Amino acid sequence: MAAPMLRWVGRGRRWTFARVDGGSCHRREAPTGSTSNRIRGRSSVAQQPLYTTQKPRKGEHKWAAVVGLEIHAQISSNSKLFSGSQVRFSAPPNSLVSFFDASLPGTLPVLNRRCVEAAVMTGLALNCHINKKSLFDRKHYFYADLPAGYQITQQRLPIAVNGSLTYGVCAGKKQSQVIPKTVRIKQIQLEQDSGKSLHDDLRSQTLIDLNRAGVGLLEVVLEPDLSCGEEAATAVRELQLILQALGTSQANMAEGQLRVDANISVHHPGEPLGVRTEVKNLNSIRFLAKAIDYEIQRQINELENGGEILNETRSFHYQLGCTMSMRDKEGKQDYRFMPEPNLPPLVLYDATSLPAGADPQQVINIDQIRETLPELPSVTRERLVQQYGMLLEHSFTLLNEVGLLEFFQNVMKETRAEPKKVTSWVLNTFLGYLKQQNLAVSESPVTPSALAELLDMLDSRTISSAAAKQVFEELWKREGKTPGQIVSEKQLELMEDRGALEQLCHSMMEAHPQVVMDLKKGNPRAINKLIGLVRKATQSRADPAMIKEILEKKLSS
Amino acid sequence: MLGRTLQEVSAALKQGQITPTELCQKCLSLIKKTKFLNAYITVSEEVALKQAEESEKRYKNGQSLGDLDGIPVAVKDNFSTSGIETTCASNMLKGYIPPYNATVVQKLLDQGALLMGKTNLDEFAMGSGSTDGIFGPVKNPWSYSKQYREKRKQNPHSKNEDSDWLITGGSSGGSAAAVSAFTCYAALGSDTGGSTRNPAAHCGLVGFKPSYGLVSRHGLIPLVNSMDVPGILTRCVDDAAIVLGALAGPDPKDSTTVHDPINKPFMLPSLADVSKLCIGIPKEYLIPELSSEVRSLWSKAADLFKSEGAKVLEVSLPHTSYSIVCYHVLCTSEVASNMARFDGLQYGHRCDINVSTEAMYAATRREGFNDVVRGRILSGNFFLLKENYENYFVKAQKVRRLIANDFVNAFNSGVDVLLTPTTLSEAVPYLEFIKEDNRTRSAQDDIFTQAVNMAGLPAVSIPVALSNQGLPIGLQFIGRAFCDQQLLTVAKWFEKQVQFPVIQLQELMDDCSAVLENEKSASVSLKQ
């Protein structure tokens, strides 16, 4: 990655949030960070973490890590960037290959309008300057799944530059405070994806699948403003949410629609940047954070032990949890960049530059695309905070889980319960059950309607909250019963017969004279024991507040 | 019939004087008789006969597709032809059968033309002699002409005739020989630095390079994408205009074709009067290497315009001398890039070595490409290295812009067309030609032609007269970008004035009388 640029354009806030174990950031020292802020032109509010070796000695230098990301997002489009072949995941090998994709001699690239629009849209959402004129270049290297021997990309003049992405990292005792941070976006470029090589070690042969060859990619290049795995992970997660909200990429990392390479180096604050390594094969957000933190620690250990860092490409092995040098990528590549002669400059227009009488099919109007931008995650979060009075961190959680926001909104539509109650149930109970069983929201056995009905019963004081938990557990068993049915079958309605409850309290006091004695001796906490016993006797159907009131009355009488 | 122009034979077909099948068979038989010229790599006899049959049906039903219906044509073997081997005269593509037609080929077929075959060239069109392909050199039909042989008999020093055959020029020498030897009426060449105009000049034909962006390159196996254009070889200017009319126009498969409406069809008016014309003579084109014969014809041509009332101006194209070296950098760089796809994996040649992918690439490319291609790949990759890019490629691009601006300035000074030589001299014997290597030859032979490719301008070589040796000499007209029709109109007027003689190939022809019947007397105005 090139030297950091000091220009920072921040026109909006794009936040994300992820709960990452604080320890993974190696935060052991009080952050100072001002020196390196100057060096790297950082604009984050929070200070960056500093690193030390495992056993800090007196007078030792602190380490700071510098992380930059190159993110490849597959553009969600019907056809490829320069050919009419379809784009589809998991199609039979080599079934989506045009003559151009196979690089048959004499074929020429024809730019896909949809891909350009997706790039403009993404650039706008990331506060980029959209270049009215951008160029395509050839990047040469020999590889079996690169049939032309070069990739068409945008090296000299990319479609979008100088943007920013705002995300939020957790801080505070319970990791409940969200601190907004910003990473600058150097550029977004359009480029072709390569095919896939499948190595058959048994027969020692390589098979090539060109279905992916030529699919449009957005390469989003972040400036090295990140300093640990957590920051990288949350920034990528936010980008993923934005791309999904825009519909410009499905950004599914497991399907390879979002791929991240990380450039990592460590240095002492105030000193020049260290030699960087590039870590590839980061195919999940969790591994991204792990790999970066591993690599930072590896570099620190290496340097502490008098070693040196090689400018090399490393790959992350998720089974071993470590990065390893990629032998086949050894040696410096000279990509011999050259302008792509078969594509004229890509010219975009805005309302002021649009030529009169231009054929709308032949021109792309940036302002028109700006108008079609959907609500971005940051705005959605703000809306949730405003509309439902929820905490900002809760809004982050709602957006971070696929489908959770929709689930929440569907419950809200059908229930009379307070938004705070709903938020709490969705984020604690519902999400807790999902996580425990490792299920996605779409796989949940509890429907939004069922939860809404349950919360209504709670709201109308038909059942106690303890009983509600019980009902929820029953619902989770997928027996097809409604909350109402479960409540009546199990007789979980709140016990509202005061006389019966008074009777029960009376007999409980008689059965436990020792507790009553404790109380009378001046141990007010002993009442809780009695309340618990009464509740148990009512199968949690009685309101604890009412039990307490009755007991207190009886004790004082 | 075979000696006629495309326009004439088209009229004959319409009038029913001959059927497409008869015409096709005559051409096929002549292709066989002239096999020793090595003009064709592949003769697509079956395809052509089938197309002729269909054409015949159309004529019978009065549904002719136009001027090209039933006309035998040939296509240089670097245009992709569906189902017909396309080799670029290289081991690399020997046996490669494209699954699609180049746009220009498809357009010819859509107009009813008969595809006689694929013509010989220098490997991947890299050369100026049509001598450096794997199928061997192309022989210039004029080597066997009555005009040349008679002159040689007069020369007491003349050597053994058979080993003294002449080159066609190149790299579209096969297409030029095919048209010149009457085996077809028009042929497609490609023109990157003069590859259509140069063999046209040496074979006594009209060789037309259209404006860059006017004709689709889709399916043309590229040499230099930013300079390549499909070229047209015919016996007269009107024929070139007919073919251009069929080929020109935007192609959704080639993003560098222009969308602005172009005057179609390219019907050329007969200029009665050239007094409103201004002809520019670039002074930098008068170089010591230019043969005195060509030089004298060039100046006579200028005088002809002057005497007919045209304004003839000396103009300056000051960056001309940098053109060759600039072309070398840009050409080899694009070649290095374009040739990267030939790795033996998907199509074309693949070596037997399989110890590693890299070893397979290396051996495949060593076996697949000749020295010329490999040399250009090597230098191109050198120029594109990060450390050299600014010093070579970027500088060459800047010089290219200066060269293009030279032309713009000349045209802005009021010049309508430029008049220049096409080649330094007439065709030379093969044994003479190969005394110099390909690179030296290309640099010398492209000297008047390749600046035009850098500027994307239309240019046409017109046969003017026979040299003292009885060999054709051509002159070149260069027009403003996209003023192809104006350029051809001027060329047509000039062609009419010079009355270039028809090649006399009696011994080669079945139907000698047909040729003789059309024989025109040697030119009057410019004959030395």
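Keep in mind that glycine also has a Cβ here, set from the backbone N, Cα and C atoms.
TrEMBL: automatically predicted annotations, no manual curation.
Sequence annotations record features per position, and here TrEMBL assigns active site, charge relay system to B:Lys76, B:Ser171. Sequence annotations record features per position, and here TrEMBL assigns active site, acyl-ester intermediate to B:Ser195. Sequence annotations record features per position, and here TrEMBL assigns domain 'Amidase' to B:25-488. For B:147-166, the entry in TrEMBL reads region 'Disordered'.
Structural mapping of features recorded in TrEMBL.
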residue: B:Lys76; record: active site, charge relay system; DSSP class: strand
residue: B:Ser171; record: active site, charge relay system; DSSP class: coil
residue: B:Ser195; record: active site, acyl-ester intermediate; DSSP class: coil
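B:Ser171 (active site, charge relay system) is 9 Å away from B:Lys76 (active site, charge relay system) when you measure Cα to Cα. Straight-line distance linking the Cα atoms of B:Ser195 (active site, acyl-ester intermediate) and B:Ser171 (active site, charge relay system), rounded to a whole number, equals 5 Å.
The Cβ of B:Ser171 (active site, charge relay system) lies under 8 Å from the Cβ of B:Leu121, B:Asp122, B:Ala125, B:Met126, B:Gly127, B:Ser128, B:Ser130, B:Gly189, B:Ser190, B:Ser195, B:Pro199, each on the same chain and at least six residues away in sequence. In terms of local Cβ density within 10 Å, B:Ser195 ranks first among the active-site residues B:Lys76, B:Ser195.
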